[in-house]
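Student: Here you go, one structure.
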Amino acid sequence: MIKNDTIAAIATPPGEGSIAIVRVSGPEAIQITDKIFSGPVPSFASHTAHLGTASHHGRQIDQVLLLIMRAPRSFTGEDVVELQCHGGYFSCSQILEALVSEGARPALPGEFSQRAFLNGKIDLIQAEAIQNLIAADNLDAFHIAQNHFQGHFSQRVQKISSLIIESLAFIEVLADFPEEEQPDMEVPEKRLNEALVIIEDLISSFDEGQRLAQGTSIVLAGHPNAGKSSLLNALTNRNRAIVTDIPGTTRDILEESWTLQGKRIRLIDSAGQRETDNPVEQEGIERAISAMKQAEGILWVMDATQPPPPLPEILFQKPSLLLWNKSDLASPPRIDTSLPQLAISAKTGDGILELKQFIQKWIQKQQLGKNSKVFLVSARHHTILQQIRTYLLSAKEGLLSQLPPELVALELRQALQTTGNLSGSEINETILGEIFSRFCIGK
């Protein structure tokens with residue numbers, strides 16, 4: 001990529017809309033924009049807005065609002081100009097064509113964020129978070145990406161780096177100045193333990209982060225012909241599952257994504273639980289049992305017109321709700337159990353609103369206090385942190401085994417370099433500065 005040229009691109013999605021935005025960034029952003037704007041752009045103060053017209057070769061394109069942000073006080077760290085025009089395809093595309101003809105280059109995908117990273121406005125973790133913010137399809141995924149973009153994950157990585165550097169400084173004293181008074185070796189071990197605690201906390205958050213981003217899994221289970229598939233269709237407002245009066249119609253796992261008040265839920269319809277000699281149906285039943293074990297919640301659907309069936313033990317091992325379906329045909333019986341119960345009718349919609357409210361409170365309770373926690377969702381981050389952990393554990397073992405300090409320092413340097421892969425920073429030699437700041441070497 002040419003780092004000193006000026007780029008331009010349409011920043012809003014294509015299609016009809018009230019406003020479209022064309023963004024320009026680079027050393028010539030102001031001069032190039034001045035060639036198509038009606039006002040004196042070079043004289044505009046930073047962070048000001050100006051109403052005017054965009055024209056090219058004597059032809060007016062559109063009335064626009066120009067926003068100017070001078071370097072380094074911009075997203076990319078360069079001079080940035082944004083032109084807000086009427087929405088739709090033609091206005092913004094003609095403005096972009098005019099800018100390109102006057103010297104701007106069409107930006108590559110993600111190039112504005114890449115320049116922000118290269119100019120030190122954001123680190124690599126934050127750059128990745130921008131894409132996750134845009135792609136988020138539920139509130140949990142959005143909150144996780146927002147947390148990363150705000151720098152909370154980066155702060156953890158910086159803390160890990162600082163602890164590694166501090167440990168390495170002590171080890172370098174042993175290697176480079178063996179004749180001097182040796183420092184307390186409990187200090188580097190303590191720093192490594194602190195770093196490992198942070199790393200373990202981040203690594204352990206990966207599965208939970210994946211679950212939050214992908215959605216809470218809830219299984220619809222119960223005996224055959226109780227109305228599980230009808231309930232799936234009623235909740236999602238789609239005819240997704242085949243519904244018949246024949247028991248055992250559902251023989252495989254059917255998953256449907258559903259959004260409830262911004263929360264993504266993976267509804268899983270499963271085969272009815274009963275004794276059967278049919279090998280295909282039996283396979284479906286076993287898959288249903290496996291799905292219940294892996295799910296975060298179970299909706300156990302029962303037929304209100306039938307006697308209460310026995311409840312499987314798994315319902316008492318995770319959040320579960322007993323649903324008496326077909327309440328429009330009969331008054332549901334009550335089971336003497338600690339599990340909550342609700343009467344519904346998937347056919348008429350009775351009780352569906354109450355069920356949605358119950359599920360919403362269910363999820364809110366499970367996720368209480370999690371919005372402020374740092375979760376991993378990237379396999380790249382997860383893999384790198386595992387590598388760092390391996391290096392630090394090896395270094396710690398070397399300390400305890402009193403291996404030569406050069407070998408311990410090698411593991412720590414590997415860990416430090418790998419940590420830089422998270423933030424995208426270049427690893428500089430700062431160990432000598434750390435040593436001089438902590439010890440009077442010549443004394």
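Even glycines carry a Cβ here, placed using N, Cα and C.
Found this in Swiss-Prot, in case it helps:
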- ARG23, GLU82, LYS121, LYS443: (6S)-5-formyl-5,6,7,8-tetrahydrofolate binding site (BINDING)
- 215-364: domain 'TrmE-type G' (DOMAIN)
- 225-230, 244-250, 269-272: GTP binding site (BINDING)
- ASN225, THR244, ILE246, THR249: K(+) binding site (BINDING)
- SER229, THR250: Mg(2+) binding site (BINDING)
Student: Measuring Cα to Cα, how far is LYS228 (GTP binding site) from GLU82 ((6S)-5-formyl-5,6,7,8-tetrahydrofolate binding site) in Å?
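Tutor: Taking the Cα atoms only, LYS228 (GTP binding site) lies 52 Å from GLU82 ((6S)-5-formyl-5,6,7,8-tetrahydrofolate binding site).
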Student: Other than its own, how many Cβ atoms are within 10 Å of the Cβ belonging to SER229 (Mg(2+) binding site)?
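Tutor: Counting Cβ neighbours of SER229 (Mg(2+) binding site) within 10 Å gives 24.
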Student: In DSSP terms, helix, strand or coil for ARG23 ((6S)-5-formyl-5,6,7,8-tetrahydrofolate binding site)?
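Tutor: Strand, per DSSP.
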Student: Including all protein chains shown, what's the count of other C-beta atoms within 10 A of the C-beta of LYS228 (GTP binding site)?
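Tutor: Other Cβ atoms within 10 Å of LYS228 (GTP binding site): 30.
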Student: Sorry to bug you, but what's the C-alpha spacing from ALA271 (GTP binding site) to SER229 (Mg(2+) binding site), rounded to the closest Å?
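Tutor: Cα to Cα, SER229 (Mg(2+) binding site) and ALA271 (GTP binding site) are separated by 9 Å.
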Student: Do any residues at least six apart in sequence from ARG23 ((6S)-5-formyl-5,6,7,8-tetrahydrofolate binding site), in the same chain, have a Cβ closer than 8 Å to its Cβ, and if so which, in order?
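Tutor: Listed in sequence order: ALA8, ALA9, ILE10, ALA11, VAL80, VAL81, GLU82, ALA107, PHE112.
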Student: Could you break down the residues of the domain 'TrmE-type G' (215-364) into DSSP helix, strand and coil, giving a count for each?
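Tutor: Summed by class, the stretch gives 42 helix, 37 strand, 71 coil.
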Student: What average pLDDT is reported by the model for the domain 'TrmE-type G' (215-364)?
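Tutor: Taking every residue in the domain 'TrmE-type G' (215-364) and averaging pLDDT yields 81.
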Student: Taking just the CA atoms, what is the gap between ALA271 (GTP binding site) and LYS121 ((6S)-5-formyl-5,6,7,8-tetrahydrofolate binding site) in Å?
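Tutor: That separation, Cα to Cα, works out to 53 Å.
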Student: Please report the distance from the Cα of ASN225 (GTP binding site) to the Cα of LYS121 ((6S)-5-formyl-5,6,7,8-tetrahydrofolate binding site), rounded to the nearest angstrom.
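Tutor: Distance (Cα to Cα, whole Å): 59 Å.
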Student: For the binding-site residues listed here (GLU82, LYS121, ASN225, ALA271), tell me which residue's CB has the most neighbouring CB atoms inside 10 Å.
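Tutor: Selected residue: ALA271.
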Student: What does DSSP call LYS121 ((6S)-5-formyl-5,6,7,8-tetrahydrofolate binding site) in the simple three-state scheme?
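Tutor: For LYS121 ((6S)-5-formyl-5,6,7,8-tetrahydrofolate binding site) - judged by DSSP and reduced to three states - the answer is coil.
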